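Q: Pulled these from TrEMBL:
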type	residues	note
BINDING	Gly79, Thr82	Na(+) binding site
TRANSMEM	6-26	transmembrane segment
TRANSMEM	38-57	transmembrane segment
TRANSMEM	69-92	transmembrane segment
TRANSMEM	99-127	transmembrane segment
Amino acid sequence: MPVNWYKIGQLLSVFIGGMTGGAGRYEVGKWLGSSHSLLATTSVNLIGCYLLVFTIYGLDLHVDLPEWLILGLGTGIVGSFTTFSTFGVQFVQTATTHLAIAILYLTVNLVGGFFMAMLGFGTAHVIDWRQKI
């Protein structure tokens, strides 16, 4: 069976992007005091909502990027930077002891995530690109 170099390139792009995004997630957590704090998880998820829409939609709208690069940026970097599973665990753990804080945490992440995604969408349209590169 022949080697599918195109597929290998896509996987490498996601792998390298994943290492980069995961390291970024770790560093943001350290900077905020703990990589498992509610603030760290909320911060990376909100930033990630903005970056994913701006990167995947905005850059693709204005720049002719190859698929492997879009995969590396979106699935790799942003996908490993954000953390929905940690958000879920933290919500359940917080809800068992502080229900009001858990509901606030849920609301900030969901509403804030949608807001940041729309902001990324808007930013992509506001940037004055003269032509598709």
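Counting starts with 1 at the first residue shown.
Placed from the backbone N, Cα and C atoms, the Cβ positions cover glycine too.
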Q: List every residue in the same chain as Gly79 (Na(+) binding site), at least 6 positions away in sequence, whose Cβ is under 8 Å from its Cβ.
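A: Within the chain, Gly79 (Na(+) binding site) has Cβ neighbours under 8 Å at Val14, Gly17, Gly18, Gly21.
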Q: Inside 10 Å of the Cβ of Thr82 (Na(+) binding site), count up the other Cβ atoms and send me the figure.
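A: Its Cβ shell of radius 10 Å holds 22 other Cβ atoms.
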Q: Counting CB pairs under 8 Å, which listed stretch among 6-26, 38-57, 69-92 touches the transmembrane segment (99-127) the most?
A: 38-57
